[in-house]
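**Q** Just dropping this structure here.
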Amino acid sequence: MMGTKHRNSHVNGSIKSSSSLRSSSKSFQAKMDLMSERLYDVVKSGSMVKRAQNKKRFTPVNYKHRWFELTKRTFSYFDVENVERRRERGRIHLKGVRLVEEATVSGEGGDPFAPDGYPFQVGYCEISASANSHQLENGNGGGSGVGIEGQQSGRAVPQYTLYVIANSEKERSEWIRAIRQVCEDSNTPKSYRYHPGLWSGKKWSCCKGLSRTTFGCRAAAHWREANNNPSNGSSPAQNSTRSISPNSSTTNSQFSLQHNSSGSLGGGVGGGLGGGGSLGLGGGGGGGGSCTPTSLQPQSSLTTFKQSPTLLNGNGTLLDANMPGGIPTPGTPNSKAKDNSHFVKLVVALYPFKAIEGGDLSLEKNAEYEVIDDSQEHWWKVKDALGNVGYIPSNYVKPKALLGLERYEWYVGDMSRQRAESLLKQGDKEGCFVVRKSSTKGLYTLSLHTKVPQSHVKHYHIKQNARCEYYLSEKHCCETIPDLINYHRHNSGGLACRLKSSPCDRPVPPTAGLSHDKWEIHPMELMLMEELGSGQFGVVRRGKWRGSIDTAVKMMKEGTMSEDDFIEEAKVMTKLQHPNLVQLYGVCSKHRPIYIVTEYMKHGSLLNYLRRHEKTLIGNMGLLLDMCIQVSKGMTYLERHNYIHRDLAARNCLVGSENVVKVADFGLARYVLDDQYTSSGGTKFPIKWAPPEVLNYTRFSSKSDVWAYGVLMWEIFTCGKMPYGRLKNTEVVERVQRGIILEKPKSCAKEIYDVMKLCWSHGPEERPAFRVLMDQLALVAQTLTD
């Protein structure tokens, strides 16, 4: 007996070992497949922001930068750091994708935590990685279905929506097109209606529907059916769907099941859609049914897809995933859902715009316009109420669906606490106020200037109660922030004084170029005025383009730059646009000297501004830190677009109205012809802002810009002192190579100096990216100032 038991134990051990080896082999093979897929099968990749999907009920909503990769099988996302060994954070199998559409995550009723950007959504069902994809393709039924949790009849099959925020309109369009194309090639089933907004826990932000299962309020874009053959004389619907009579015993509602021609409904439908039914619905009967992925399609060819579930009633009947009780009975309100298949995109003008060039269209503030073509990032073709058509700057308008507080003069968006205080103190008016985004993400703050008991600015967090009402004092609650502001215009209600006026009209932002597709400017269009300064490249004068737009005109010295190369680059640089970058309008290249025409910044260079206002700035750590953050935002944009500045310093940043700081002259150093400027031995080279790899090998990168940014921070917190004092360049080079860094400025907090030291890490790979610096400094600002 003992021997038998021992032998059995030995055999069992062998079986376990064999099983373990097979499992290990499968795991290894899966890793190899993943590696192969990433190396050879990547269709598109890039960095974007991902919104948490909150599959678990009580997990918090957050947004994180991720590296996304689209292959022919999956849409995956990874940690953004450690490029060579990124850790995968999640993936969506494209067999499970049901829709890819633009989304609205911010604005009225949206997520106040949402970062700026261009969101889109990917609606999908969860599909397992290996065997289930085979089942999907071959229609093998059984068990729990196709990797989606098999459910007993009457229970829900989980469906999810991934929200991703792209960096530009163009990038979003490219991602949507790419994902749809791969899904089309794979014959994945589609959803026909969807919600463009978010479910807030109480209602949809888009249509205000009060049920999470409310029918989708917008028609999804049409996807071509890759397996349709127009030559056979039948319609796509005939090829791709099998209708089920509303009078049959199978269903009480009208719907179609979209399916793959190689699969059969079999026991899936005949047996009440059991475990082998379509999408793996059910769990008991119908084991031999098809597992071909299907999407519910009402006979109006409209369906929706969101995080709401696909349902089965107690009889095994399929119900519409997004409608309580299934497809609506004719005559009910839901049955009259409007078909928005021809969706009209409306925008509202935030600023006035005067059309000067032919083909452009003037904008009237607060007027609505219909978008005809938004394929270009910075100039859209629109139609006004009178039917006039032309191009307008896209940053002057906001989609009506996204329009929130931007329509109000008192809303200043991302303005910091320090800039708000500076702005409100300028007018010195009692009751002057602004509403801004709080440093605490997702909240808003009211900043109010009062003279009681003396002139100062008070800040009040706008809070929400359990009923989602807004208040400054719990005794006075309102449904919306505008209602709250209106109330406190007439009643102080616990504030230091009544709200009376906002400071002034918002400054009109610059456009990407002076007109649609215009980058070459004729010198006769410019009226040159006073000299603003001079530098390495020549004299800078103030100018006016066609007598209406203030500009700065850089008159380049002949022989100082590679002109032909720069002119080509200028075509691209006019399309770079960010609130913290000085806008390049265009060039005058048809005569010599060349003119470079840029946005005019009334307070001039940051270096001179710091030195002029040292007495008022040196003790205002919050305002100095805000300047650093603004520069980091502009540099984050350049970093994302693979632009290297090469000469980042306080002298190459400019200051405009409302203490706005912008980065100037980005990329210009690349076109300098002076050899001394690009060698470590010359006096003109910005050695005191250069890292070791630039001093030793002239090796520029985004990380060399990070080093220079650390020096710029030091300049800001010393109010324009020269780095390394009177040390000669050779002495500076020696110190940098030995790892000796600049000392902490007296007015600088330790937390801020710690960020500077990170920028001065000896190896470029050890320095943080600008987007990381931006987040770190924002956190420091919140800790030190709010």
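Glycine is no exception: its Cβ is also placed from the backbone N, Cα and C atoms.
Pasting the feature list from Swiss-Prot:
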type	residues	note
BINDING	HIS195, CYS206, CYS207, CYS217	Zn(2+) binding site
BINDING	LEU532, GLY533, SER534, GLY535, GLN536, PHE537, GLY538, VAL539, VAL540, LYS554	ATP binding site
COMPBIAS	14-23	compositional bias 'Low complexity'
COMPBIAS	226-240	compositional bias 'Low complexity'
COMPBIAS	264-290	compositional bias 'Gly residues'
DOMAIN	526-779	domain 'Protein kinase'
MOD_RES	TYR677	phosphotyrosine
REGION	1-23	region 'Disordered'
REGION	226-301	region 'Disordered'
ZN_FING	187-223	zinc finger
**Q** Would you mind splitting the zinc finger (187-223) into helix, strand and coil residue counts from DSSP?
**A** 0 helix, 6 strand, 31 coil
**Q** Between the binding-site residues HIS195, CYS206, CYS207, CYS217, which lies closest to LEU532 (ATP binding site), Cα to Cα?
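**A** Smallest Cα separation from LEU532 (ATP binding site) among HIS195, CYS206, CYS207, CYS217: CYS206.
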**Q** Between C-alpha atoms, which of these binding-site residues comes nearest to CYS217 (Zn(2+) binding site): SER534, GLY538, VAL540?
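**A** Comparing Cα positions, the closest of these binding-site residues turns out to be VAL540.
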**Q** Count the other Cβ atoms sitting within 10 Å of the Cβ of CYS207 (Zn(2+) binding site), across every protein chain shown.
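**A** Its Cβ shell of radius 10 Å holds 17 other Cβ atoms.
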**Q** In the same chain, which residues outside the set HIS195, CYS206, CYS207, CYS217 have their CB within 8 A of the centroid of the CB atoms that define the Zn(2+) site?
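**A** Those within range, site residues removed, are PRO196, GLY197, TRP204, SER205, LYS208, GLY209, THR214, GLY216, ARG218.
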**Q** Mind looking up the mean pLDDT for the domain 'Protein kinase' (526-779) in the predicted model?
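**A** Its mean pLDDT is 87.
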**Q** Based on Cα distances to CYS206 (Zn(2+) binding site), point out the closest of the binding-site residues SER534, GLY538, VAL540.
**A** VAL540
**Q** Which chain-mates of SER534 (ATP binding site) that are at least 6 residues away have a CB under 8 A from its CB, listed by sequence?
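**A** Correct list: VAL540.
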**Q** Measuring Cα to Cα, how many Å separate HIS195 (Zn(2+) binding site) from GLY538 (ATP binding site)?
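**A** Between the alpha carbons of HIS195 (Zn(2+) binding site) and GLY538 (ATP binding site) there are 55 Å.
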**Q** What is the Cβ neighbour count of GLY538 (ATP binding site) at a 10 Å cut-off, with all protein chains included?
**A** 19
**Q** Over all shown protein chains, what is the count of other CB atoms within 10 A of the CB belonging to VAL540 (ATP binding site)?
**A** 19
**Q** Where CYS207 (Zn(2+) binding site) and GLY538 (ATP binding site) are concerned, what is their Cα separation in Å, rounded?
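**A** Answer for this pair: 56 Å between alpha carbons.
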